[in-house]
Each structure stands twice: as C-alpha cells, then as structure tokens.
Amino acid sequence: MRLDELDGILRSTLKISDFNDISLNGVQVACCPEREITKVALAVDACQASIDAAVEEGAQLLFVHHGLFWGQPIAVSGIHYKRVKTLLDADVGLYACHLPLDAHPVLGNNAQMCLSLGMKGYDPFGLYHGQYIGFKGELPFEMDCQEIARLLGFSVEWGLRILPFGKEMVRTVGIISGGAADDVHQAMDEGLDCYITGECSHELYHTLLERGMNMVCGGHYQSEVFGVKAVGRFLEKEYGLETVFIDRKTAL
C-alpha cells in the first residue's frame, strides 16, 4: 500500500475533513510516493524518541496524535529540524490525527475509554468549537473512581489524579481525553456522577469539592494512548499491515 492510498483510507475512516482543527491533520511529512508501506508505527507524540523508534522498528510511516505542525508557520530549525531530518533521511512518513482521533465514535480516544469501561452505549458529549469530541453514558454497574482508573489502566506513577468529591459509587460518566479539565463544568451541568479526562487543574479543586463532583484525571498521555492503539488494530485487521505501538510516557 502506498502513502496516497493509506491517506485516503485514514481520511475517510477518521472523518478528518469534518473537523476545524489547529493541527495539520493528515500527512505532515511524506515518504517517497512510490514506497510500499507494510509497517506502521503509532505513538502519541511526534517527539524525537518516537521518530527514532519508528526508524529502528523499520516502519515506513509514523502515525501520531500530536504532530509537528499546529496551524502556523514554524521554522525547520533546532529540534524541529532534527525531527524532520530524521524522517526524511530514513524515508519515513509522518501522519497526524488530533481532534478527529479524539472524537471518532469507535476508534477515538474517548470511545475506546467507554468500551474499556464496559459501556454498551454512549452519546456525544463535550462541545469544542461547535463540535462534540467526547462521550457520555452509563457504566454497566456502579463502581468507585479507583475502579474506573483501574479499568482504564491509569496509574499514579504515570499521571493519575483522582478528585473524589462526589458520590462514592458512580454510574454516569462524561469522557474527554487530554487537556480538557474545564469541561467538567459541562459534566456537572448535565448531572453526571463523574468526569474523566487527562490533565488535572488546581483551579478546579475547590469548585469540585464545593459542588460535590468526582473527576478522574488519568494524565494527558495516559488518556490518549487509546486512539492510536485502536488505529493500529484497525490497520492490522482490515488491511493486513504490520503495526507497532511506541510507548513514550510523560507522566503528565
């Protein structure tokens, strides 16, 4: 499979054109147009460590949630130059998918967290610039915040913070991955028992305490491994591509 064909598949599957996003979603750095793509590396961030690992793994493409280009011109110098040069020297393409990978109803970060929690159904939640990027719904049974974190694979060592100020046993949840702490207000306004996100916020501590709301903050990184892993499984199952997940934790 060549890059233009894979780009078409990903754009169609992930509905990339439906989102107004500051991320340059899609191909950010191309490999040779004639190069056959048989192995795709997947990572959360297009950092040097992820790029080096993709090259070492023999991948022809690196698929990431956080790419290198974010809505404004940036000089290809310093560490940015090194990252791009490493990709070009190895003829490895870079593909980024930000908001579409948060919002996808099956492969997205938030949908995958719903599925990890055993939720049979979930509805759009979390308006961001006029588009829903998260989901809400009922858990299959009541559980506490620690059990939610356990089912999602969140650990304190790698960024988990729990603000358990609401009901001890939770049934309804809203989920938005990454840096979406402020959207807990939407969860409270809708009367949900718990809000699940990535980053925590000092400014919200007393608000949640006084309003009696639970929030599980798994860490930005830990909350956004779900989508890239799901895309990897999709490419393996549907198109027979070899994939490898590159795990470069940040504890944030």
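Positions of Cβ are set from backbone N, Cα and C atoms, glycine also.
No curator has checked TrEMBL annotations; they are predicted automatically.
For reference, TrEMBL has these:
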BINDING   His65, His66, Asp102, His220, Glu224  divalent metal cation binding site
If one looks at the chain holding Asp102 (divalent metal cation binding site), which residues at least 6 apart in sequence have a CB under 8 angstroms from its CB?
Gly108, Asn109, Asn110, Ile133, Gly134, Ile176, Ser177, Gly178, Glu224, Gly227
What three-state secondary structure does DSSP assign to Asp102 (divalent metal cation binding site)?
helix
Among His65, His66, His220, Glu224 [binding-site residues], residue with fewest other Cβ within 10 Å:
His66
Cβ within 8 angstroms of the Cβ centroid of His65, His66, Asp102, His220, Glu224: which residues besides those meet this for the divalent metal cation site?
Val44, His98, Leu101, Asn109, Ser177, Gly178, Gly198, Tyr221, Ser223, Gly227
Taking DSSP as the reference, which of helix, strand or coil describes His65 (divalent metal cation binding site)?
strand
Reduced to three states, what secondary structure does DSSP give Glu224 (divalent metal cation binding site)?
helix
